[in-house]
């Protein structure tokens, strides 16, 4: 496997370096392609060597098991963007590796509304498109026009938002392709409209303050579970008496029960134990089976 590639492959790369939980064993190979061509070359290389390939974002919604992953984990890092203005509206084309929150702030300062709800949202554009990220009254599905995808590791296509199967924190992009190679989001196109920059920046500031107030300190992946219909996962976990429960250095936050925080040297196994404890206890006490929002590999 020493053939020359236009992209750096890092063997036995600890995934704890690439997840916001700061846990995770080694990927057999890790790479960060920055262009569609690099992504296609990497996918072809993985298929040639019969190595499973997983595309990830910035690791802000990801738990990698302690044993790591026998294959290739790749994070697409392209960050080009272009704004096409049409009077009082605009279309933003932006690559998947671009930070979501930074994009929201940049547009708000320019007087373009549509993504200000994403202030403080961890991760990048691609992850938001895959998971239909949303908060504070907005979500990806409501402003996305279409997504540029890489299918089967070689076919570039553009799918309109109506074909992405969006639901609460769900899309068909979470499912593997027919040949086992998962789809990769290369870019998205978003619908924006003009607004007063001062009003938008005030909204950004209010959301930032609210996030700071509610978000526990420490390394975490944000909300661990999806909210069940008509209820809150955090409320259920708190009502089950699990706030502050600790396994090793992993803790169900005493501030927000839908957060599990790494207090130092937590292992993925510690976090998984707390996840299973929360699911089992809530199911036993309230008859609700919590569904994961984070991705586990």
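Residue numbering: from 1, along the chain as shown.
Cβ from N, Cα, C; glycine included.
Under the three-state DSSP scheme, residue 169 (active site) falls in the coil class. Within 10 Å of the C-beta atom of residue 169 (active site) sit 20 other C-beta atoms, taking all shown protein chains into account. Residues annotated as active site in Swiss-Prot, with sequence analysis given as evidence: 169 (among others).
The active site, proton donor feature in Swiss-Prot is assigned to 223. Proximity of residue 223 (active site, proton donor) to non-local residues of its own chain (separation of 6 or more, Cβ distance below 8 Å) is seen for 233, 234, 258, 259, 293, 294, given in sequence order.
The annotation active site is assigned in Swiss-Prot to 293 (among others). Reduced to three states, the DSSP call for residue 293 (active site) is coil.
Summarising the annotation, Swiss-Prot assigns domain 'FAD-binding PCMH-type' to 22-195.
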Can you work out the mean pLDDT of the predicted model over the domain 'FAD-binding PCMH-type' (22-195)? 94
